[in-house]
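Here the structure is laid out as structure tokens; the discussion comes afterwards.
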Amino acid sequence: MHANNQIHNALYLAFARQQWAELRKSVPLTLSESDLDDLRGINESISLDEVTDIYLPLSRLLNLIVGAKQQRGLVLNQFLGRVPPKRPYIISIAGSVAVGKSTTARILQALLRQWPEHPKVDLVTTDGFLYPLSELKRRGLLQRKGFPESYDMKLLVEFISKIKAGESLVHAPIYSHISYDRVADTQQAIEQPDILIIEGLNVLQTGQDTHVAIQQPFVSDFVDFSIYVDAEEPLLKEWYISRFLKFRTGAFSDPNSYFHHYSELNDDEATKIAANIWDSINGPNLNLNIQPTRDRAHLILRKGTDHMMHQVLMRK
Ligand SMILES: Nc1ncnc2c1ncn2[C@@H]1O[C@H](COP(=O)(O)OP(=O)(O)OP(=O)(O)O)[C@@H](O)[C@H]1O
Ligand SMILES: CC(C)(CO)[C@@H](O)C(=O)NCCC(=O)O
């Protein structure tokens, strides 16, 4: 599936699911029943096998990597003879619409919090940095949501640079999937976490990928470790459609929902509309702007049917 396998092999170590699962090594399955309940609350469809085989080794890897960075920070301070501000370790999670970025991010958050070295783990999504709906309309971008030009990149880069600089309180705008818009009067407060996870379609993008010149620097300049969640497009489209069908009885049934009128649709009608949104917006965005950023990631998690990860690729 990779256009240039030779380059890929040179860049990444590839692990089949079972090989990766063995790398959990000494990480005990420290999850209590209540932890498991929390994880099920994040996504009831996620299996315990997925947590033990994929996420526990990943949590171990990230704990080691964050630890190495913290050590390096101590050495630097000793050398410079000063106490620097606490700077969060920043992990980014990229991938298509509906690949499961937010589920992956929330499970990682829950697992990373359990390590005594980094108990405070915050999570933001770049959805909040989409322009407000009125601005998208003004710019004629309603059919381009999720494309690079639909984000306020200046605001996003300002946000992440403040986090990286160790500012004690930084605010992020919040997006509502119900109103399909930025929330007007509430913001998310980020107060010097040990780790910040930032999740979104665009976290690996630079100006070079797109027809739109995005000003430098890029989000990835501030990110310590990047993850790309990958799956073949037919699966992504299927997951997008099935989430859309589920939303009819969930989010869309809310009278405040932007898509409230979809709640009345039968399965066939809803499938057609979702497939059409995929083919006209999310699919082209994947192929033009998201997938081309995949091979910049430090780690690629490859999913197959039923959201099962079947391969992990790690930068050498
Ligand atoms: N590990 C998993 N097991 C089973 N279902 C999953 C898993 N991860 C995600 N899903 C399902 O796939 C769909 C997309 O997941 P999610 O909302 O996490 O994706 P996303 O990449 O954050 O999407 P978006 O970019 O649109 O916000 C949801 O219906 C979710 O329940
Ligand atoms: C908010 C984004 C861009 C990303 O999560 C996406 O969910 C979205 O709304 N895409 C636009 C097309 C659609 O409604 O799916």
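Counting begins at 1 with the first residue displayed.
The backbone N, Cα and C atoms fix where each Cβ goes, and this holds for glycine too.
Predicted automatically and left uncurated, TrEMBL annotations should be read as such.
What TrEMBL says about this protein:
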BINDING   GLY95, SER96, VAL97, ALA98, VAL99, GLY100, LYS101, SER102  ATP binding site
DOMAIN    90-243  domain 'Phosphoribulokinase/uridine kinase'
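Restricting the average to the domain 'Phosphoribulokinase/uridine kinase' (90-243) gives a pLDDT of 93. Taking GLY95, SER96, VAL97, VAL99, LYS101, SER102 as the candidate binding-site residues, the subset whose CB lies under 6 angstroms from any atom of ligand 2 consists of VAL97. Spatially close to VAL97 (ATP binding site) yet at least six residues away along the chain are GLY146, LEU201, LEU236, TYR240, ASN282, ASN285, LEU286, judged by Cβ distances under 8 angstroms. When the binding-site residues GLY95, GLY100 are compared by the number of other CB atoms within 10 angstroms of each CB, GLY100 has the fewest.
For the recorded ATP site, residues GLY95, SER96, VAL97, ALA98, VAL99, GLY100, LYS101, SER102 set the reference point as the centre of their Cβ atoms, and the other residues of that chain within 8 Å of it by Cβ are LEU201, VAL229, LEU236, TRP239. Each of the binding-site residues SER96, SER102 was scored by the number of other CB atoms within 10 A of its CB, and the lowest score belongs to SER102. Here VAL99 (ATP binding site) comes close to VAL229, ASP230, ALA231, LEU236, TRP239, LYS303: these same-chain residues lie at least six apart in sequence, with C-beta atoms under 8 angstroms from its C-beta.
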